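Let me give you the structure first, and then I'll get to my questions.
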């Protein structure tokens, strides 16, 4: 696999790995060029919308997996493919010294690491524990302290790119932790993402992710508002989207993940807002941004409004829909 580890100048403070060439596709095929000797089992905990395709990409690169999910049905296809399924995070830690967790909330992460049957019950010294959940940076820091007491290494590595990028192996990972361990983390994360960025100490990966998702929420609401206004002014939605995407208003929410049904194929808005990134999770991430803004005394006027909107959506029946359903919410709710 052609890849490069690029070290930018000291002024930029940015260290990242970027894959320039993707390996040929193949279902669960070992296509990574690393030596077979490096393919020791990797633990993977959390097989939801993101964790499932991430784990599959590790399999495609030849890594045997030790699997756990709180919902046994989520493990079935991996078991059918020959991967080992165990009954707790502690059992994962007993069998693997490199573990990736991908969980919905801070509470889930705390339980997976510090619970009665958590990773820390059986973690081996020298193990590398990578948490790709999006959680409170303060929780990441506390988990890192507990992991360090056990002689292991913890890194936070939340992701950006959504389900589509998870499936194609083109996620962006934002990594926080001891810099000397970055190369070890990159070996695994590079099988699931095309960009692996070192952000700094533990918690900085989460900080970067929270900032990104706050901006994403704001831009999605703005795109939905602009599209709704244009449609009500008589513009064809496809034409309006085309104009926006060749103009200064262009953004990811307008050109890659448009919230208006019928404008794009292959996005949640084309499937009654099913799949994708849930409204509940966006509300959760905006809550993390709100908490961080409060603790750092940072004004986030639009971020706070976005948080209110997504909380309102959850209360009005949109909790299981993709976060781009804010367009549908604006169309149907006229009492603002």
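Count begins at 1; order follows the chain as displayed.
Each Cβ is built from the backbone N, Cα and C atoms, and glycine gets one as well.
Per Swiss-Prot, the feature active site maps to 209; the stated evidence is similarity to another entry. The NAD(+) binding site annotation in Swiss-Prot covers 40-68, 103-104, 108, 134, 284 and rests on experimental evidence. What Swiss-Prot records for 60, 121, 149, 238, 242, 321 (among others) is N6-acetyllysine, and it gives similarity to another entry as the kind of evidence. Here Swiss-Prot flags 60, 95, 149, 238, 297, 321 (among others) as N6-succinyllysine, drawing on similarity to another entry. According to Swiss-Prot, the feature transit peptide maps to 1-36, an assignment based on experimental evidence.
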For the recorded positions listed here (60, 95, 149, 209, 242), tell me which residue's CB has the most neighbouring CB atoms inside 10 Å.
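Result of the Cβ crowding comparison: 209.
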Please report how many Å separate the Cα atom of residue 65 (NAD(+) binding site) from that of residue 95 (N6-succinyllysine), as a whole number.
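Given the Cα positions, residue 65 (NAD(+) binding site) is 10 Å from residue 95 (N6-succinyllysine).
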For residue 40 (NAD(+) binding site), name the DSSP secondary structure in the helix/strand/coil scheme.
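Once the DSSP labels are grouped into three classes, residue 40 (NAD(+) binding site) ends up as coil.
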Which one is closest to residue 238 (N6-acetyllysine) in space, judged by CA to CA distance, out of the recorded positions 50, 55, 121, 297?
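Spatially nearest to residue 238 (N6-acetyllysine) by Cα position is 50.
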Just checking, which of 121, 238, 321 (modified residues) has the fewest C-beta atoms within 10 Å of its C-beta?
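Ranked by other Cβ atoms within 10 Å, the modified residues 121, 238, 321 bottom out at 238.
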Minimum Cβ neighbour count within 10 Å among the binding-site residues 55, 65: which residue?
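Per-residue Cβ counts within 10 Å for the binding-site residues 55, 65 bottom out at 65.
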Taking only the Cα atoms, work out how far residue 95 (N6-succinyllysine) lies from residue 242 (N6-acetyllysine), in Å, as a whole number.
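Here the two Cα atoms lie 52 Å apart.
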Under a criterion of Cβ-Cβ distance under 8 Å and sequence separation of at least 6, what residues of the same chain contact residue 45 (NAD(+) binding site)?
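Expected: 51, 67, 68, 69, 89, 92, 99, 100, 101, 102, 103, 112, 119.
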For residue 50 (NAD(+) binding site) and residue 242 (N6-acetyllysine), what Cα-Cα distance in Å is obtained after rounding to a whole number?
30
What does DSSP assign residue 60 (NAD(+) binding site), in three states?
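Reduced to three states, the DSSP call for residue 60 (NAD(+) binding site) is helix.
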Check the Cα-Cα distances from residue 209 (active site) to the recorded positions 40, 55, 121, 149, 242 and tell me which is shortest.
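For residue 209 (active site), the closest Cα among 40, 55, 121, 149, 242 is found at 55.
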What is the nearest of the modified residues 149, 242, 297, 321 to residue 60 (NAD(+) binding site), using the Cα of each?
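Closest by Cα distance to residue 60 (NAD(+) binding site) among the modified residues 149, 242, 297, 321: 321.
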What is the nearest of the modified residues 121, 149, 242, 297, 321 to residue 104 (NAD(+) binding site), using the Cα of each?
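Result for residue 104 (NAD(+) binding site): the nearest of the modified residues is 321.
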From the Cα of residue 149 (N6-acetyllysine) across to the Cα of residue 321 (N6-succinyllysine), what is the distance in angstrom?
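About 40 Å separates the two Cα atoms.
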